[in-house]
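Annotated in Swiss-Prot:
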type     : residues : note
BINDING  : C470     : heme binding site
CARBOHYD : N38      : N-linked glycosylation site
CARBOHYD : N232     : N-linked glycosylation site
CARBOHYD : N404     : N-linked glycosylation site
TOPO_DOM : 1-8      : topological domain 'Cytoplasmic'
TOPO_DOM : 30-535   : topological domain 'Lumenal'
TRANSMEM : 9-29     : transmembrane segment
Amino acid sequence: MGLMPDFLSLCHEFPWTFLLVVIFSFMIFKVTKTHLVNKSKKYKLPPGPKPWPIVGNLPEMLANRPATIWIHKLMKEMNTEIACIRLANTIVIPVTCPTIACEFLKKHDASFASRPKIMSTDIASDGFITTVLVPYGEQWKKMKRVLVNNLLSPQKHQWLLGKRNEEADNLMFYIYNKCCKDVNDGPGLVNIRIAAQHYGGNVFRKLIFNSRYFGKVMEDGGPGFEEVEHINATFTILKYVYAFSISDFVPFLRRLDLDGHRSKIMKAMRIMRKYHDPIIDDRIKQWNDGLKTVEEDLLDVLIKLKDANNKPLLTLKELKAQIIELAIEMVDNPSNAFEWALAEMINQPELLKRATEELDNVVGKERLVQESDIPKLQFVKACAREALRLHPMEYFNVPHLCMNDTMVGDYLFPKGTQVLLSRVALGRNPKFWTDPLKFNPERHLKEGIDVVLTEPDLRFISFTTGRRSCPGVALGTTMTVMLFARMLHGFSWSPPPDVSSIDLVPSKDDLFLAKPLLLVAKPRLAAELYRTNEI
């Protein structure tokens, strides 16, 4: 693997970084030496690259950025579906096999239900006071109860139907205006990534703040400067949460921000707070002054929650932090899945034809597709499910932390072990999927069985499973399927005139398409169906 040359070249390129690492390593050497020796004797761990003394495999990780791609390449070279990578004093266990994944999240779920405390999640959760990013404990239990019982319950899901419909209608209005507007690149050219991401952002703002815009209302239904800045900040946080920062494994280096992750996340969080906090503060004042008496959105719901003593259940800090986390969780899967799926379907036009035929048969062309139509849209849902399988948003799920020494299969994992389930490799494992790299929605269709976007057997990860499963399955499923259904029912899609097919190549740093998908849209329905006056 050329370990020594990579290590030496990295030392030459970043000598001051490695000097600090070495200094810190020797500081902790006396404390950790005996512990590490005993640990290696006591625990039986999966195969992995031979670690360097003290720093483990940190040199390889730093020499092969991004680490997510390096880990997958390493496991392929080792021909293993579970590995052990030592990053300083942290044991990281990546998993690419659904059967092994179920051992962790189903059979031994109680032992692996926590989260590691690292720099990025500390910042994104404002000190671990939210839900998804928070270690197992009383704070997590409190905030999860709030989500499950008060924000994402079936009753609240139905209560918010009208707001979701408004944003689905606005999506149609926005794309229709793009079709009718003469632009430099010609009428109808749509950036699918922008449209899909801002649909998610609009749904978030409408459900939480009962408004589509932070700033000026845009006449075409599209995003303004404020909405663009907000959604970009959201995806920046997503990018750097669990991005294998060196300070996560050598905490002494956190404030030095050697890889720049800390400053990027903090800047994105400042942008989020810039838009959220004034609205939240003003809304609380309205309730306190008696100017508001009726709950209209989820912010109102959070403000009015009371504890057993009739005091506010959430502190202001908890409320604000949880709203930021909701923004992060609501925008990721739908937009990326749709962009990839539509690109795949353009290259396989028979799939696009079948999806639109199903929509026409179920809905017709005299009205817009609604959430009540979703149970009948089996092929459309199969397209969404296949996109989540083949084209996940991230390489790995949120890490699971081992809370006590646990035996899984033939291995004994020590407390503090981090387990990473590979969203990419689970969904593309050839032992579980025939022709796994082919986009084939048909594989999910079975007579008499409803197509769902969840996958409890972890053959791919959409909403995960176990104690740390996503409580927003209904909302996430609805947003994803409605994005697919409205865009496919309302418009016909084709490549620009100078493009014969879509290049299905991911970015070198993440799992987005390397180039945003640009397609020509043409309305399929009567003009009056695209009009909306809602803001």
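All residue numbers here begin at 1 and follow the chain in the order shown.
Every residue, even glycine, has its Cβ placed from backbone N, Cα and C.
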N404 (N-linked glycosylation site) to N232 (N-linked glycosylation site): how many Å between their Cα atoms? 38
Across all chains shown, how many C-beta atoms besides its own are within 10 angstroms of the C-beta of N404 (N-linked glycosylation site)? 12
Near C470 (heme binding site), which residues of its chain come within a Cβ-Cβ distance under 8 Å, counting only those 6 or more away in sequence? V132, E329, F463, T464, G476
To what whole number does the mean pLDDT across the topological domain 'Cytoplasmic' (1-8) round? 45
Once the chains shown are all counted, how many other Cβ atoms turn up within 10 Å of the Cβ of N232 (N-linked glycosylation site)? 13
